[in-house]
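I have placed the structure first, in the form of structure tokens, so that the comments after it can refer back to it.
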Amino acid sequence: MLSSYPILSTLVWLPIIGGLLVLFAGRNNDTVAKWLSLAVAVLTFVLSIPLWTNFDTTTAAMQFEEKVEWIPMFNIYYHLAVDGLSMPLVLLTTFTQVLVIASAWDVIKERVEQYMGAFLIMGGIMVGVFVALDSILFYVFWEALLIPMFIVIGKWGGPRRVYATMKFFLYTFFGSVFMLISFIYMYYQSGSFAILDFQAMQLGMTVQILIFIAFLLAFAVKIPMFPVHTWLPDAHVEAPTAGSVVLAAIMLKMGGYGFVRFSLPITPDASMTLDWLVIGLSLIAIVYIGIVAMVQSDMKKLVAYSSISHMGFVTLGMFVLYDILENTGSLQGAQIGMEGAMVQMISHGFISGAMFLAIGVLYDRMHTREISAYSGVVNKMPWFVFFAVLFSMANVGLPGTSGFVGEFMVIISSFKANLWFGTLAALTLVIGAAYTLWMVKRVYFGPITNENVEQLSDLNKREFAIMAILAVAVVALGVFPAPLMEVMHTSVENLLVQATTSKL
Amino acid sequence: MNFVIPSFAPAIPEMVLLGLISFILVADTFWSKRYQFATYYATQITLVVVGYLILSSFATTQVITFDGSFVRDSFADILKLFTILVSLGIFVFSREYLLQHKFYSGEFFILGLFGVLGMFVMISAHNMITMFIGLEIMSLAMYAMIALRKDYGQGLEAAMKYFVLGALATGMLLYGFSMIYGATGSITFPEMAKVIASGNVDSVVLSFGVVFVVIGLAFKLGAVPFHMWMPDVYQGSPSAVTLYLGTAPKIAGFAMLYRLLEEALPGLVKDWQSLIIMISILSMVVGSLIAIVQDNLKRMLAYSGIGHVGFMLLGVIAATPEGYSASMFYVIVYALTGVAGFGMIVALSKTGNEFDKISDFAGLNARNPWLALMMLVILFSMAGIPPFIGFWAKIIVIEEVIKAGFTWIAVIGVIMAVISAFYYLKVVKAMYFDKPEDESPIETTSSGSNWAVSFFALALFVLGLVPSSLIDLCYQSLKVM
């Protein structure tokens, strides 16, 4: 029976132990480091598939549970499980992991074993974040992730990498320590560190507001929301391609996941009172950051800002529920918004990952990310441009791609909440199209004006495979999102009940 | 007058230690001519023997002897065992350092052992006189150790500073002791507590006494605003001595704090609590902020040590058995981390280069990836980043201070933790991202140092994954009593 086999622990520890192994076995032997890493990543992904196939979509209860005493003195457990909110994110992580390792194959030449090892370790830690049900265990994974990312950006990054990596570390560390204080405070009140116990406990309004703000700091920095987003463009621009992919595809999702796992169920009354704050900041992100993206001359920076703008949809979709409830008296519209937010997270994982990989492909050949350095790439790299344009369209939210589904659902539900929210959110379709298509036009099409572009060669087999896999994912999710929504459905319903049940 | 012969059994480890030190002291004069390392090995064997004696008679209940002046309990035994573990490490690192820097001599180890004896006496002190004697045995040994390298001007200056300020602190403490004695008419801790609880005391004299005692303690621990000696002395001392100063005495200092505040003056919680709160916050703030601008690693670690004392005091603020246990855990973790961190400096310093500037660590990853990884573990543990043990130390003291109702102090604490992360990161940055001046591979002074660094650093990692046994140990040792 599959349920008796500790599948979640395997997904956490296999890459971590594999990563340590790579660090030692791969020293002075890059081939061993690469193949071993790829083997571990692929094996992890394969082992994660039963999570999906054996998932019970009829219940909101936690599944594949594992629970062992860790620190009995403080009631801290090694407690892992998934529900419909976290399971897709786990799969996204294991899936992305394979592409990340593959994408770095020929690119990284220096200390390959450290690079590959760091990414494997990160993979295990990120799965840990999504499956931990004990808040301290969650926090340990959450913070531990900073260490390998710090090293990766600082060591293999661009010219201002040290500044960027310090900023990244300190911003995210600063955000999360307040979350830790909230955990400890709730432990002191409830005698348990279990996240589900936190969700069940009664909390007074003042306390809820304080805890909500502490959570908001942690998750807003991570996701990131305006005005604490400034670390992200720096980190992205300086990070190596694989680092950007992990940042955009998975790490940002940790912030969104925090909102649904902690903020909404634990502090529902404070969420209701302060939803205007989150919605306001989300709309600013969607509109203002979208406009900022338009004026970027660096492709990576453009996609980084576009990520922030798209993450605004996630928080918007999550927090419009109170306004919808007030307007319509029913949660039906809210369900669409919440599911839209979740779909948006998964979809953005694919799209942003693909966009950064595409930029990485160009950067490997030309060593510049300046938009103005390119023109007419399509003449030399037709296959590449095919994929790149597909991903760009998905980024814009073209129907038929995954980008459309999530954004559309969020926009619909924000119209139900408030005409203005909907209108402002829908503006992104225009702004997003503007900055993305403008970049596409300037980089991929037009005449070749630069002789370096003349030298470009099209995708090799490895790059083609990575792009093709992502393209399939983006289109599949766009055409047929039902299986994903089915997985989340019951859990989202349950979340909405929690988020609207007063704890006072 | 009838004289009852006291029970010597509880103090056997101390007596054996003293006996062996005396033996080594004499034997060293003969050994030093023929066998270079005899004293070193004798020192390590002595520590192991004493450690074995403590383990084999591990105290489960409280035993008091010598007319109430000496106590043996599991609290004392655990702290002593960790003092021994830390000292074993210190001496392993020191031997090579002393050789490299050409002032190897048996005295270093003998003085070190005397210091350990002083710490033991402090840990087991049950009245003010014993505590004072223990403190002085320890301090005198350390004054001499700092000055041991006669041709090293910085060291002599550090020794003078330490001596003068240490004497001042001792004076404060003694002054406080005498006032408390004057008010309570007693020198034994539980009796003092009893008299204070009865209320028949001159509260003004007592309050003054408490203030002076707390000042004396803060001086010895290096807490702000009585910290001025620490950075200078740490930087000025030869690295092997800094390693000694910065680690083992902290454990004894905590024991002193616990014995005095909890066993002798629990009735005056209201008086000393606010003082400790102030000292704790100041230490965290000053330690974290000033460490940022240091470019000497020893000096930076001194300021970070000041910050750590502030954190350690968070548990004391709670003034509950759980709070003290949390602080006890913190101080043990700090001592282990300190041995690893200062040990790394000592293990890398070769003739002509103390290896104590942050720039010395530039590019360590390229020169020796294993040591860089170990140093990374040590630094992140100090910063309190999971999964390393330093994280648990911080979380537990913060938990206690929140439980005691001081959430705002916890908030200040974590903000300072974020700020201090910055300067630990600076060193990681240097090791991993900066180009070294000298690209040649670097090794530790000896394979022993290499093993010791790896042992202590890996312990920080492994204990971080399974912290519960050590946490339990600390909690049980104080709940029993």
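Cβ atoms here come from the backbone N, Cα and C positions, even for glycine.
Caution: TrEMBL annotation is automatic and unverified by curators.
Features of the protein shown, as given by TrEMBL:
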type	residues	note
TRANSMEM	B:12-31	transmembrane segment
TRANSMEM	B:38-55	transmembrane segment
TRANSMEM	B:75-94	transmembrane segment
TRANSMEM	B:106-123	transmembrane segment
DOMAIN	B:125-420	domain 'NADH:quinone oxidoreductase/Mrp antiporter transmembrane'
TRANSMEM	B:129-148	transmembrane segment
TRANSMEM	B:204-229	transmembrane segment
TRANSMEM	B:272-293	transmembrane segment
TRANSMEM	B:300-321	transmembrane segment
TRANSMEM	B:327-349	transmembrane segment
TRANSMEM	B:370-393	transmembrane segment
TRANSMEM	B:405-425	transmembrane segment
TRANSMEM	B:451-471	transmembrane segment
Could you tell me whether the transmembrane segment (B:129-148) and the transmembrane segment (B:327-349) are in contact, taking contact to mean 3+ Cβ pairs under 8 Å with a sequence separation of 6 or more?
no
Can you work out which residues elsewhere in the same chain, 6+ from the ends of the transmembrane segment (B:38-55), have a Cβ less than 8 Å from its Cβ atoms?
12-13, 16-17, 20-21, 24, 27-28, 31-32, 77, 80-81, 84-85, 87-88, 91-92, 95, 106, 109-110, 112-113, 116
Chain residues outside the transmembrane segment (B:300-321) and at least six past its termini with a C-beta under 8 angstroms from it:
221-224, 227, 230-231, 233-235, 246, 250, 254, 257-258, 261-262, 266, 269, 273, 276-277, 279-288, 290-291, 294, 327-328, 330-331, 334, 338, 341-342, 358, 382, 393-394, 396-398, 400-401, 403-404, 406, 409-410, 413, 416-417, 420, 423-424, 427, 478-479, 481
Would you mind listing the long-range same-chain contacts of the transmembrane segment (B:75-94), meaning Cβ under 8 Å and 6+ residues beyond its ends?
13, 40, 43-44, 47-48, 50-51, 54-55, 58-59, 108-109, 112, 116, 119-120, 123-124, 240, 243-244, 247-248, 251-252, 254-255, 258, 328, 332, 335-336, 338-339, 342-343, 346-347, 448-449, 452, 455-456, 473-474, 477-478, 481
